[in-house]
Amino acid sequence: MNYLADTIAAIATAPGRGGVGVIRLSGRNLLPLAGQLSGGRQPRPRHALYTDFVASDGQAIDSGLLLYFPAPHSFTGEDVLELQGHGGPVILRMLLARCLELGARLAEPGEFTKRAFLNDKMDLVEAESVADLIDAQSETAARSALKSLKGAFSAEIHRLVDTLIDLRMLTEATLDFPEEDDVEWLEKADALGRLAAVRRQLATVLATARQGAILREGMHVVLVGQPNVGKSSLMNALAGDEIAIVTDIAGTTRDTVREQIVLDGVPLHIIDTAGLRETTDTVERIGIERTWQAVERADVVLLLVDGRDGVTAADAAILARLPERLPRVFVHNKIDLTGETAGVSEEDGHVVVRLSARGGAGVDALRQVLLEAVGWQGESEGLFLARERHLDAIRRAEAELEAAGQAYGLAAELFAEHLRQAQACLSEITGEFSADDLLGVIFSRFCIGK
């Protein structure tokens, strides 16, 4: 049995109550099914038909709009039906059950978009952008996801692939004429110059993709320090709300407290943690263990110190335990008590921000430091969202092109092979060269109905 030949159905609107709910179906030859749903009425392509949706006994389940999009001019490339009824969960479940009764099966997560991909209605980057647009955590991320959905990222990759194909054709032509000297032929065609040009182009795309990945993923910022240095106050200041409990009692925060904010379109996942100290309190010790677990998953660590005490031996011990790979920022808090001036400086190779978490002085400067620490350049125009798998594929293509440069002059066969591998890496991004298990992972993360 051809699994993709099944008619699939799902509720396409978000769970809960609403004014309108949508059931989506996709498959082959859906007009007979549409007639059974509507009591014998036949919808015209791309025209809304107001009708009752009827059960097997002819009783109305609901009334609403029936829309029919015949293949191949539909979202999935197959016949598509949309039932727009009232948005109550019970009604929608009854309508979905009726569709399943008529021979459809329940769609898997992302199966509508997967069929669109398999039917060449969109490439893999555009398909992923559907999920990214739904999951966007800021306006900037949503706009960038829409650019990817409209093909901006794919166009960049296709330009790179086309350039590599031209260079491969040139190189492989030398292999077809063994009487010609390989190196001399490639020098005449400026193959090395063309390789340098495509490497520059790839570096530009990688830089843009990194920015897009920051927009999509955001970053995890963990606040660490001794008890009562102002971690919870700083979290509240960054969030602009009273998220964490603040008292003068050391050890008030005993577990991780999480909050998400958006800075310049970038989602920041801020994690306040238990104060780090030696303790016999069982609950507090569990909180301290969770602090170190959060640090391991962080993108940036803020090490808070009490500005009145400066960096103590206990602070130095915390610093020594932080993973080397992690960007860290020293935050000297409580300048309202020390009389210091708010601002950013570099001391002993560390970025230091002096601020008052309670008064707010210097907090804006810290926000800018956080964006710089994660590599955000603040320019969202022209950005497209990217995923870690995209960055990995581009980096591997970059390595293959570097190897091609090293192979130049040694053997045209080796030079051509590295170009081919680079092209294959880039083609993974758009799905022109992808393993079935990769496709399964990607589409399984979509919501039902997409």
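Backbone N, Cα and C define each Cβ position, glycine as well.
Record features, source Swiss-Prot:
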BINDING   ARG24, GLU82, LYS121, LYS450  (6S)-5-formyl-5,6,7,8-tetrahydrofolate binding site
DOMAIN    218-375  domain 'TrmE-type G'
BINDING   228-233, 247-253, 272-275, 356-358  GTP binding site
BINDING   ASN228, THR247, ILE249, THR252  K(+) binding site
BINDING   SER232, THR253  Mg(2+) binding site
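Taken together, the residues in the domain 'TrmE-type G' (218-375) have a mean pLDDT of 79 on the 0 to 100 scale. Distance from the CA of LYS121 ((6S)-5-formyl-5,6,7,8-tetrahydrofolate binding site) to the CA of ASN228 (GTP binding site) is 57 Å. Annotation: no binding-site residues among ARG24, GLU82, LYS121 have CA atoms within 10 angstroms of the CA of ALA357 (GTP binding site). Separation of the C-alpha atoms of LYS231 (GTP binding site) and LYS121 ((6S)-5-formyl-5,6,7,8-tetrahydrofolate binding site): 50 Å, rounded to the nearest whole number. Taking CA atoms as the reference points, LYS121 ((6S)-5-formyl-5,6,7,8-tetrahydrofolate binding site) and SER232 (Mg(2+) binding site) are 49 Å apart. Of all Cβ atoms in the protein chains displayed, 23 besides its own lie within 10 Å of the Cβ of ARG24 ((6S)-5-formyl-5,6,7,8-tetrahydrofolate binding site). Across the structure, ARG24 ((6S)-5-formyl-5,6,7,8-tetrahydrofolate binding site) and SER232 (Mg(2+) binding site) place their CA atoms 46 angstrom apart.
Distance from the CA of GLU82 ((6S)-5-formyl-5,6,7,8-tetrahydrofolate binding site) to the CA of SER232 (Mg(2+) binding site) is 49 Å. For ALA357 (GTP binding site), the number of other Cβ atoms no farther than 10 Å from its own Cβ, over all displayed protein chains, is 26.
Ranking the binding-site residues ASN228, SER232 by the number of CB atoms within 10 A of their own CB puts SER232 at the top.
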